[in-house]
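Structure first, then comments.
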Amino acid sequence: MMLITTHSLLLLLLLLQLLQPLQFQEAYYEDFYFPAYRDKEDFEDFMVEFQSTGPTRPPTKEKVKRRILVNPGMPLGDSGYCNYQIMRKNVYYKYSCVTEHYFLLMQYDELQKTCYNRFVPCKNGIRKCNMSKKLVEGVYCNLTKASNIPLCQYNSFYRRGYVLITCTWQNEMQKLIPYTINDLVEPPEHTKSFLNEDGVFVVPP
């Protein structure tokens, strides 16, 4: 049985990053042409977190933009969307595949404003989340097969709904910033509903 060492795994990740522009340069727009890490600082930040044995580093604006937000290009309904984007953006937890993830087609400023919206229940019913006031397009990724990273396999589900997020205080910016994406809630079908101030769907009489 061949053992995959940390050194060989990192070399594999580097190779995949170099190959991606060649594989997708004719298929999609600019966001899908260049490797995810466009400068040395971004890549070094990824390597430190990847090799760390301690807790996950706190989120930053650039990290949220890099791992969660996407630009127009590859169709959001593509069945291979998550497999490609997870690998391209290096969305892993240490040496493991993440069990689920969300990609959102929106600007960072709009997502950050959501941190100041009213609290609503999260999908787990425990923590408090903030809900966007507008519908957001995105993709929900659900892990179906876990192997040695980066060869994680996902089902991709297109969604258009209200995004639920948790936020945290960022000392350097002196602002609340997005921390995790909890859910992308699709509005009820075949009803003319709207959100009240408490973030609850209401159907007019």
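The backbone N, Cα and C atoms fix where each Cβ goes, glycine too.
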From Cys97, Cys115, partner that Swiss-Prot gives for the disulfide involving Cys152: Cys97
Swiss-Prot annotation, disulfide partner among Cys82, Cys115 for Cys167: Cys115
Candidates Asn142, Cys152, Cys167 (recorded positions) - the one closest to Asn130 (N-linked glycosylation site) by CA: Cys167
Distance from Cys129 (disulfide bond) back to Cys167 (disulfide bond), taken between C-alpha atoms, in Å: 8
